[in-house]
Each structure stands twice: as C-alpha cells, then as structure tokens.
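A.B. asks: Structure below; questions to follow.
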Amino acid sequence: MKTEQTPWWKKAVVYQIYPKSFNDTTGNGVGDLNGIIEKLDYLKTLQVDVLWLTPIYDSPQHDNGYDIRDYYSIYPEYGTMEDFERLVSEAHKRDLKVVMDLVVNHTSTEHKWFREAISSIDSPYRDFYIWKKPQENGSVPTNWESKFGGSAWELDEASGQYYLHLFDVTQADLNWENEEVRKHVYDMMHFWFEKGIDGFRLDVINLISKDQRFPNAEEGDGRSFYTDGPRVHEFLHEMNEKVFSHYDSMTVGEMSSTTVDHCIRYTNPDNKELDMTFSFHHLKVDYPNGEKWALAPFDFLKLKEILSDWQTGMHAGGGWNALFWCNHDQPRVVSRYGDDGAYRVKSAKMLATAIHMMQGTPYIYQGEELGMTNPKFTDISSYRDVESLNMYHAFKEKGMADQDITAILQAKSRDNSRTPVQWDATENGGFTTGTPWIPVAGNYREINAEAALRDQNSVFYHYQKLIQIRKMYDIVTEGTYEIIAKDDPNIFAYLRHGSNEKLLVINNFYGTEAAFTLPDSLAPDEWKAEVLLTNDEAREGLQNMTLRPYESIVYRLTKPC
C-alpha cells in the first residue's frame, strides 16, 4: 500500500525503451532483453529512476508488439522469461524500477481468445470481443473509422458478423462489458507484479469503454462514442482495487484525445484509478486543421497555451501529468520543434529544459538524451510502420508527387523515433553486428552515446543536470506554475512558485535573438538570482535580456532572509 506522503514516482524520471531498436546482442538485427541489461550502467549514469519497456509479449508484430498474442510469454526475438527475470533483478540491483507496457483495449487476432471466439458464434470466448451484425442495407454496423485508416469493422464471413478494431484489422477490441474479460486481465497483471515489476503503462486505456448503443457518428470518425467512455472510470477504479492497491506501483495511462477534467479524475488519488496520464494535445500543434499527415510549422503560441493549461488545470484538480516530448509514436522533437542542423545541441537542451522544469513526471525516450534526429529516409523501402505504409499507398492513389510524399513521411512517420539507438561510430551505430531491422539514421558517426559521454557539454549531461535539479529542489515537484509573456512569439517563459523561492525558466524556441523583460512585480530587485542551468554562456541580471538563438536559462530566485 502507498503510505508515504510524496509517492516515489512524483520525484522519478522515466526512461522509455523500445526494445526492438535499443541494443542487439545476437546479431539478428533486432534489439533484445540482454541488450537492455548490457546498457543498465549507461542508464544509471544518466540518473533515471524507472525503465518503461514497450511491449515485450509474444506477438505477430503487425503493430510492433502492440498486437499481443500471449500475455504470459516473451516475444522470442527479445529473449526468454529467464532473460526478463534477470533484467528485473539487474535493474533492481541498480535501484532502477521496471514498468511494463500493457495493451488491454485489444489483442492480436492470433490470441487464443480470438481464435476461439471466431471459431463459433456459440464459443464461450465470443463475448470477449465486440461483434455486430451488418446494418439492414448490408453495410458495416457503424461508420466508425479505424485509427489506421478505413472502417473500424471487419467482416467474419463464416458468421456474417463484424468485429470491432479501432486500430489495425489484426487488433480486435476486447469487450470490457464482460466481467470475465476484466477478471482475466486483472489475473494477468498480478502475474507480472509477482515477477517483481514496479508498474504498468496502459496503452490507449481511455478507449476501453464503448457507448453500448453503437451509434453512427454524425461527423468525424466516431471517437466521441468510445473516448473517455461511459464506464471507463468505473473500470479503472475496479482495476486499482483488484490489482494496483496491492502493490507500491506506478501506473500511467495513455489517453487518446482526452481532456484535463477526465485526466484529473483518472489521477486524483482520491479516485483511486491511475497515478498519471499522457495526453497528446501539445504534439498536435503542427497538425494543420487537425490533419496529422500534412506539413505546417508548429503553432508556438498554441503549444504554450496547451502546456500551461495542463499545468494549471491538473495542479488545481489534484491530478498528475506525465511530461514528454517524444515516444515511439512521435517524430524526434529536435527535428520537430527545434533545429536538427546547426543548433541541434542547443535546441535539444532548450527543449529538455522547457519540459523538465514543469510539474509532473518526466519521460525521456531512448536517444532523446543524445539529441537523435529524424532519419530523413528517402526511399519507401526504409519504412516499416504500418500506419506510414498505409498513408504512402493512400497518397499514391490520390496521385500525390513522390517528393511531396517523401517530405511528409520524413516529418510525420512513427519510424522517425524507431531507428536504432546510436551507441558509437562503428557500423550501424554499434546497435547490431548484423543487418538492423530498420536502417540506422545516417548521422550516427557524429551523434552517438560514446561521443556524448566524452563531451561534458553534450545533450546527455544536460539531461543529467535536469534530473539532478529535480532531485535537489522540491519546488520542481511541488511548486505552482505561472506562464510569463504568454503572447511572446519566440519565448516560452514560466515561473514555478514555492514558499520562499521561485524558479524562473526562460526558453527561446527560435534560431533568432529575442528580447525578454521580466516584470518587476514577478521578481523584486531584492530577490537573489542564481543560475541553476543554462545551455549558453552565463549572463548577469534578469532585466532587459536579449536571448541568443535557442538559449535556455533556469534561475532560482530566493527571498533575502
């Protein structure tokens, strides 16, 4: 049971590992569990606290492991259950916790439950999934769309019924209305906790409760009928009661298209649901008119507004944010909101500071601490991601020019973050002695962990310092948030307020100089200013600054005694 006043995960920093692309010890081109064990000391040097592993369960890998075939076994290319147990043990020896990624909105259609369900309309497993008859005119049951394109319904010709798949056709949605499904899920969670894990990251968990009327969407893709659905809070409270309450664990829910109000309900400890949530609104400010697969500069003022609304809203409601720029589904942030050319190192540090000095639990995605960039693939044969390949074919059918398709995929593909971690300057960045499952980014000779560890001014050591500041100053965890100069077109500045101190965080998001003046009322002259961290040369005074391109500074302001 959680008894301590400040739960451990509020001061923790999480490192996300995408095992397939992390470190390969067998030479088969695919990362593995032993590869993670081999790099635990590197992660300890970074000073992170928690490792989150994206799915390592047995899977046909149509969606890189988010299509689970067997919840109780390890995907053979990653290793064995013994390897996993050794990973947990070796991590714990280094005071590193291990969080598993769990997908319970859907399973692979190769899962034994689905194979049983589709075998007969009378199967006891039929009701583990969501089946509907066609409409009277013979069309699909509803006009809901899959998030990977096309209808969310797939016909089972043998029975004449359709099953629901909000994602790929090989990912059938589970029926959470069925108590047996929920019991099986909770039993499986206990199995992994008994293996010694420290928590779960729950994939698209706010989609598990569907509106049982299954109405047609008047506009859009139908998401309003299953996002933050009618019974989702009931189900998560039950999950907490049956499972999480028995362990000193950390739980984080991935929330698709959610709201601040729902995330307060998910994470306020009084509700006993989850510990924290991921939301993605700040990663849609470069979607023109909400369209992911179109190119546009990011809307900086909108970015500041969204991050600030989540900071103030979640704090006021007693919720807790997961803080992040990157994951396995997003492009590399230095290519997206920074400058991956001349200002790569400086903008990567600035972006790190901007997110890490907020309230919440920060997440670092593998390679982010090195300032890894989008790979800028020029050939469709380099891509592996099902969503990207679907979009490529859709664009080709529309007659879009190849160079335009290339530009969109280079900016938007999920494969941007899935290229192998660049460990050193040897072939394939030291990731594998074989042929990597996806090409390594071409800049691995310049951008790699070995070079970063040798250079005290590297992005790596900037992340390390941010982690140290979080551990040293409670204000980072507990202070309130106030945005400054919210309409400034270049600078993202905010204050964190404590009882006798403040943190002033100033970030220039662009490659040009920008003037900044701190209002006197926010930091009176008699307050003492100390620079905790900068990505540039130190400067004197707080007034009338001209920030250099991508400059970032953290001041600690203290009241005189």
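Glycine is no exception: its Cβ is also placed from the backbone N, Cα and C atoms.
Feature list, courtesy of Swiss-Prot:
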{"type": "ACT_SITE", "residues": "D203", "note": "active site, nucleophile"}
{"type": "ACT_SITE", "residues": "E254", "note": "active site, proton donor"}
{"type": "SITE", "residues": "D329", "note": "site 'Transition state stabilizer'"}
A.B. asks: Between the Cα atoms of the residue listed as 'active site, proton donor' and D203 (active site, nucleophile), find the distance and write it as a whole number of Å.
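C.D. replies: About 5 Å separates the two Cα atoms.
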A.B. asks: So of D203, E254, D329, which of the recorded positions has the fewest other Cβ atoms within 10 Å around its own Cβ?
C.D. replies: D329
A.B. asks: What whole-number Å value do you get for the CA-CA distance of D329 (site 'Transition state stabilizer') and D203 (active site, nucleophile)?
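C.D. replies: So the Cα of D203 (active site, nucleophile) lies 12 Å away from that of D329 (site 'Transition state stabilizer').
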